[in-house]
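**Q** Sharing a structure with you now.
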Amino acid sequence: MNGGGKNVLNKNSVGSVSEVGPDSTQEETPRDVRLLHLLLASQSIHQYEDQVPLQLMDFAHRYTQGVLKDALVYNDYAGSGNSAGSGLGVEDIRLAIAARTQYQFKPTAPKELMLQLAAERNKKALPQVMGTWGVRLPPEKYCLTAKEWDLEDPKSM
């Protein structure tokens, strides 16, 4: 660590830890990757595999591309009466983001609610297991052994 800068350590796929920081060549590392390294370091994440920034960049690219495609569809639909040269607006992008969050990112239920539902479900006891030997069959009304089933047509014999 020369020059008083802060180094960021990241773990590559072999398990060794490599160093990315002010000492590494800034020209070789793309700007977006450097920003992601700084973002991870600001969140106190100093050890991660080398492909993590690439995966984050891939996710951001795909998400942005999907939002912009949706915004173009909304703009085309809303701009049917407008001139054909109207560009993409901020409202179209906001609508696309809002529509995408409705189905793409499902929020999980709060832990307290899940514990309450589990306690309510667990109030009802499970049926007792009989201490008999052999194969345990379901109740007689659900078994095919309850009646004599003729699967063959007697006329064909």
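Any Cβ shown, glycine's included, is placed from N, Cα and C.
Pulled the feature table from Swiss-Prot, pasting it below:
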- 1-29: region 'Disordered' (REGION)
- 30-97: domain 'Histone-fold' (DOMAIN)
**Q** Do you know the mean pLDDT across the domain 'Histone-fold' (30-97)?
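**A** That region's mean pLDDT is 88.
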**Q** May I have the DSSP-based helix, strand and coil counts for the residues of the domain 'Histone-fold' (30-97)?
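**A** Looking at the domain 'Histone-fold' (30-97) with DSSP, the answer is 48 helix, 0 strand, 20 coil.
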